[in-house]
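As recorded in TrEMBL:
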DOMAIN    101-184  domain 'UBX'
COMPBIAS  213-228  compositional bias 'Pro residues'
REGION    213-286  region 'Disordered'
Amino acid sequence: MLFCIATTIYNDIPVFIVFSLTTITNADAPGPSAAVEFKVYRPPTALDAPPPPTLSDDYFTPTTADIRSRQAELQARRVALTDRPLELKATREVAEKARRERWPETRIRVKFPDQTMLERKFPSTDKIRSVYAFVRACLTDEAKPIKFILYQSPPKRDLKVSDPNVRDQTLYDLHLTPSSVLLLRFEDESMNHDQAPAPLLPSILEQAIDIPVPPAAPAEPTSPPKSPTPAASSAGSRNNDGGEKKIPKWLKLGSKSPSITAFPPTAESNPTRTHREVNSQTQACY
């Protein structure tokens with residue numbers, strides 16, 4: 001509101017007139033202030049979602065780097081559990097302050113039942129009531145009186161302003177930093193249907209854009225097929241012969257049959273011979 005002073009002369013007497021001017025700004029218009037930067041995303045369609053990448057069997061086989069990384073995580077966790085109680089209070093406060101300063105802002109996405117989303121950045125020191133106020137300012141006049149709840153899932157956690165464990169904590173204390181997606185649920189169940197359009201102001205729906213699609217993961221190079229070993233090649237050639245086993249040459253009947261060497265009969269082979277005949281034959285050999 002601006003005050004203006006005008007002067008005029010009436011019957012040779014100066015007269016001062018004071019009047020006010022009321023300026024209409026964007027802040028008086030429905031919806032969030034023009035200084036607030038936010039985004040609104042249309043509900044995604046099935047065509048917008050990229051097809052899931054095809055993963056090879058090697059993807060599920062841990063590599064040496066994966067094992068080392070996991071071992072380093074376990075080592076760091078063990079050190080944190082054993083050495084952290086020995087840290088001084090001042091050291092913990094310095095580390096906590098550094099983490100807070102790392103993320104001064106928190107990006108919040110509020111998802112409606114029909115998958116429409118509102119996105120805005122809040123100071124990490126704000127309370128959850130700031131998110132409620134922003135969402136309510138974006139609703140139509142018919143939907144503003146209807147109560148709604150912001151929650152996370154899974155696991156399901158209601159972020160109610162009436163909860164003293166929630167309303168007095170900052171977005172950082174609620175573990176919503178640096179970015180989080182909050183689901184919206186109206187108390188009127190008819191508005192929670194996935195086909196019910198989000199009750200947003202027309203001026204906000206006009207700014208709706210498609211949600212950015214994440215880039216597809218690059219295809220992993222396929223390794224060339226391994227050449228079979230000589231043993232595997234010979235085994236494969238044997239298995240590809242129709243399942244018939246070849247008969248060894250020495251078992252085949254023919255003109256070239258293996259010769260059989262005749263040995264002189266012994267007493268064991270011919271029990272009718274006497275020991276005297278065997279001994280005489282042995283002496284003849286010497």
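For all residues, glycine too, the Cβ spot is worked out from N, Cα and C.
Across the domain 'UBX' (101-184), DSSP helix (H, G, I), strand (E, B) and coil residues number 17 helix, 30 strand, 37 coil.
When pLDDT values are averaged over the domain 'UBX' (101-184), the model yields 95.
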